[in-house]
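Have a look at the structure below, then the notes.
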Amino acid sequence: MSMEDYDFLFKIVLIGNAGVGKTCLVRRFTQGLFPPGQGATIGVDFMIKTVEINGEKVKLQIWDTAGQERFRSITQSYYRSANALILTYDITCEESFRCLPEWLREIEQYASNKVITVLVGNKIDLAERREVSQQRAEEFSEAQDMYYLETSAKESDNVEKLFLDLACRLISEARQNTLVNNVSSPLPGEGKSISYLTCCNFN
Amino acid sequence: MADLDSPQKLSGVPRPPDGVGGGSCSEISTELIRSLTDLQELEAVYERLCGEEKVVERELDALLEQQNTIESKMVTLHRMGPNLQLIEGDAKQLAGMITFTCNLAENVSSKVRQLDLAKNRLYQAIQRADDILDLKFCMDGVQTALRNEDYEQAAAHIHRYLCLDKSVIELSRQGKEGSMIDANLKLLQEAEQRLKAIVTEKFAVATKEGDLPQVERFFKIFPLLGLHEEGLSKFSEYLCKQVASKAEENLLLVLGTDMSDRRAAVIFADTLTLLFEGIARIVETHQPIVETYYGPGRLYTLIKYLQVECDRQVEKVVDKFIKQRDYRQQFRHVQSNLMRNSTSEKIEPRELDPILTEVTLMNARSELYLRFLRKRISSDFEVGDSMASEEVKQEHQKCLDKLLNNCLLSCTMQELIGLYITMEEYFMRETVNKAVALDTYEKGQLTSSMVDDVFYIVKKCIGRALSSSSIDCLCAMINLATTELESDFRDVLCHKLRMGFPATTLQDIQRGVTSAVSIMHSSLQQGKFDTKGIESTDEAKLSFLVTLNNVEVCSENISTLKKTLESDCTKLFSQGIGGEQAQAKFDSCLSDLAAVSGKFRDLLQEGLTELNSTAIKPQVQPWINTFLSVSHNIEEEEFSDYEANDPWVQQFILNLEQQMAEFKAGLSPVIYDSLTSLMTSLVAVELEKVVLKSTFNRLGGLQFDKELRSLIAYLTTVTTWTIRDKFARLSQMATILNLERVTEILDYWGANSGPLTWRLTPAEVRQVLALRIDFRSEDIKRLRL
């Protein structure tokens with residue numbers, strides 16, 4: 001596939017505590033695999049998947065980050081250029097849920113203020129070991145103005161939905177932004193308008 | 001004929017009764033003929049029937065001709081009959097013979113099979129006899145060897161015994177000599193135990209005494225006794241002790257190192273290097289023994305043991321490093337400095353320089369060492385697994401990954417690098433701020449010092465991250481550099497441009513006021529960047545132009561930086577650093593950096609537009625407006641007077657020249673070019689406005705045409721690209737104003753326009769025509785354009 005063979009390019013960064021299943025979500029979506037006994041991610045991993053939404057080719061650049069503390073400075077450097085963040089926790093692990101406010105502080109500090117954040121509760125296949133109720137998570141995400149979804153990378157529940165819905169929202173957001181930019185463009189004629197989208201490449 | 005028949009059959013129409021049967025072959029039915037009354041029609045039908053008859057006759061002839069050939073074929077067939085009977089008899093005979101031969105062959109081969117079985121049994125019997133003899137031989141041999149302390153020989157015997165098929169031994173026991181063999185076996189087993197005990201003990205002694213030949217001697221015996229794991233574990237214990245004592249020695253040396261030593265700044269990196277080199281040397285020296293005596297695929301086990309010791313030593317070195325260099329303390333300090341509104345005293349970034357270099361060096365050495373281990377273990381597994389299944393291979397790969405990824409060395413280095421990135425970010429940000437604060441401009445230069453300084457710093461920081469050999473670290477620094485350039489540094493230049501290019505002197509007091517307000521405003525917002533303030537308009541002007549040049553150079557420098565990094569990294573990738581994704585990650589981060597170049601280019605355009613509208617337009621507009629005070633409604637006398645004393649255009653050109661000279665001196669050629677392009681557009685637009693406000697007669701039109709030609713001629717000399725296009729409308733207006741009479745326009749319009757493309761609409765043409773006071777408006781109205 002040639003480099004320019006897409007209509008939209010978005011960067012999605014997955015974050016969240018170690019062991020909540022970020023890598024498995026990405027693998028499931030990009031390769032259709034659920035590799036058991038996945039080792040901890042080192043630094044950041046990088047995957048690309050191109051999907052078609054309403055006839056438009058959308059290239060998703062997915063950055064899967066390490067959850068462990070010692071990689072934080074590496075992963076933080078990717079926040080600013082992200083169009084979307086997928087903040088993941090493990091529904092069978094209270095601790096991973098309790099850390100969410102800390103992650104939100106990081107997002108506040110490092111990410112662009114236009115970033116779309118999705119909260120994901122993973123591992124719903126282990127429902128019998130659930131520690132965080134859906135209601136609690138929903139209330140939390142509502143309070144933080146985040147979209148919320150529960151997934152299972154193992155059973156492939158909601159994984160496609162997660163990424164495709166996100167791509168749809170990114171497309172409509174990108175459209176709105178170009179519209180706004182064109183209207184308030186300060187330079188008629190000469191020069192092109194300055195795009196405030198950090199990495200979106202239209203056409 | 002059949003063709004004609006078939007549709008009838010298909011449609012199921014019954015054939016007509018006999019008697020009129022002839023009609024069935026013809027497409028013309030008897031009924032049809034009967035129903036015909038017209039002679040002409042009858043004749044036509046008759047003709048067709050005759051035609052059909054001829055066809056039928058031809059076909060019959062052809063069939064009759066074939067009769068002969070068919071008859072002769074029948075005769076040959078009759079003749080073949082008796083031959084066929086003969087062949088049948090022969091075939092039956094042949095089948096009988098084949099069956100017979102087959103039976104015979106079966107008989108023979110079954111005997112051969114029996115023979116083969118007998119032979120195999122015989123071989124087995126011989127083998128067992130051999131084994132039993134061996135067993136005896138081993139037993140005797142072991143005793144003698146043990147007595148002679150020839151442990152290798154003894155081990156060889158035991159090895160032989162261990163290799164014997166256990167079922168054979170079991171069977172031997174049941175034989176006549178059962179009791180004797182039993183006794184032998186017992187002796188052998190005892191000998192085996194004794195040998196094991198002896199080897200273990202002797203090995204321990206040799207280890208304790210550091211007697212390498214003895215250590216190696218017994219190390220080779222372990223696998224003969226089936227004690228591979230134990231041998232490797234004991235041997236690596238011995239090796240680990242050596243590693244430890246050497247490492248301790250080195251660490252002591254470090255603590256005693258004089259701070260003035262040449263390598264003092266990287267002493268911990270050096271210590272780690274010594275440790276890694278020591279282990280690598282051990283692997284190098286002992287790999288052949290392990291391979292020869294333990295077989296391929298065992299190196300992993302040895303290194304796994306060694307890595308434990310390596311981790312222990314690394315921990316010590318890193319602990320000392322952290323303590324002596326105040327690493328964590330420095331990190332915490334930096335972290336608090338990085339917080340916005342931090343009040344704590346800032347660390348001088350230069351102080352961080354040596355420690356940052358040392359950490360990257362430490363990581364680079366570790367990566368090199370880990371890469372060495374990976375390569376060695378992989379190739380050893382490859383040899384060992386050449387016949388193994390895919391699963392075993394994957395299992396081994398997994399073990400290897402786990403060992404190298406999860407070892408304390410990896411984790412410790414990752415932690416150090418994590419802290420390093422934050423400190424390097426601080427170093428970059430603070431040094432860039434400093435370069436901005438100390439920005440100086442030297443006369444004769446186009447740019448000021450900060451551009452080169454900032455890029456030097458960014459390059460240095462990324463270069464240092466690169467020297468760590470960690471792709472993630474490099475990518476993180478590229479990301480942070482992108483942020484620094486795109487937001488912080490671009491903001492600095494942006495603010496400088498926002499201060500505007502002050503309008504000059506009397507011309508626009510109001511403008512001057514707004515500009516001053518905006519300067520005050522931005523300096524309030526910005527604080528630190530604006531320490532110099534704006535002392536004079538000249539300085540402000542210069543600052544604006546220099547900033548424009550700076551922006552352009554930034555844009556170029558980013559592209560250069562990208563290219564440099566690309567070529568620097570090809571070497572790294574060719575060594576296979578960072579796995580298969582490394583290149584993709586790097587490319588993605590780098591393309592984000594390169595995109596910043598475009599943002600600087602946009603900023604440059606913005607600045608130029610600002611310059612054009614605040615500096616050039618207020619000046620140029622009055623000059624153009626003086627055109628209005630020059631009458632273009634003139635007689636011959638005035639026209640020739642204008643010839644001698646130019647009323648407008650020469651002065652205008654002179655003014656333009658003077659004004660642009662200021663910019664030409666202060667701007668880079670590329671920017672100056674863009675600016676003149678903007679300026680010419682402005683002149684064209686403004687001139688058009690005043691022309692439409694003036695009135696002309698024939699000579700006035702000629703005068704304007706002359707003026708326009710001089711102006712275009714001048715502007716062509718100052719721009720590198722063609723300006724004809726920008727002045728196309730004005731040139732066409734001059735053409736119209738130059739006409740003898742109204743209708744002459746038709747010589748240039750529509751079908752007569754030739755190569756000329758009109759930029760003026762018909763309404764505009766009328767408007768321009770109306771500027772000629774000597775043209776009657778009825779004539780203009782009457783024009784059909």
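Glycine residues also receive a Cβ, built from the backbone N, Cα and C atoms like all the rest.
According to Swiss-Prot, the N-acetylalanine annotation covers B:Ala2, on the basis of similarity to another entry.
Residues annotated as phosphoserine in Swiss-Prot, with similarity to another entry given as evidence: B:Ser6.
What Swiss-Prot lists as region 'Disordered' is B:1-25.
Taken from Swiss-Prot, the feature region 'Interaction with SCFD1' covers B:2-84.
The region 'Interaction with STX5' (B:85-153) scores a mean pLDDT of 86 in the predicted structure. What Swiss-Prot records for B:85-153 is region 'Interaction with STX5', and it gives similarity to another entry as the kind of evidence.
Residues in the region 'D domain' (B:618-740) partition by DSSP class (helix H, G, I; strand E, B; coil) as 95 helix, 2 strand, 26 coil. Feature annotation from Swiss-Prot assigns region 'D domain' to B:618-740; the stated evidence is similarity to another entry.
Through the fold, the region 'E domain' (B:741-785) approaches residues 633, 691-692, 694-698, 701, 728-729, 732-733, 735 of its own chain, all at least 6 residues removed from its boundaries and within a Cβ separation under 8 Å. What Swiss-Prot lists as region 'E domain' is B:741-785, and the listing cites similarity to another entry.
Note on the region 'E domain' (B:741-785): DSSP counts are 24 helix, 1 strand, 20 coil.
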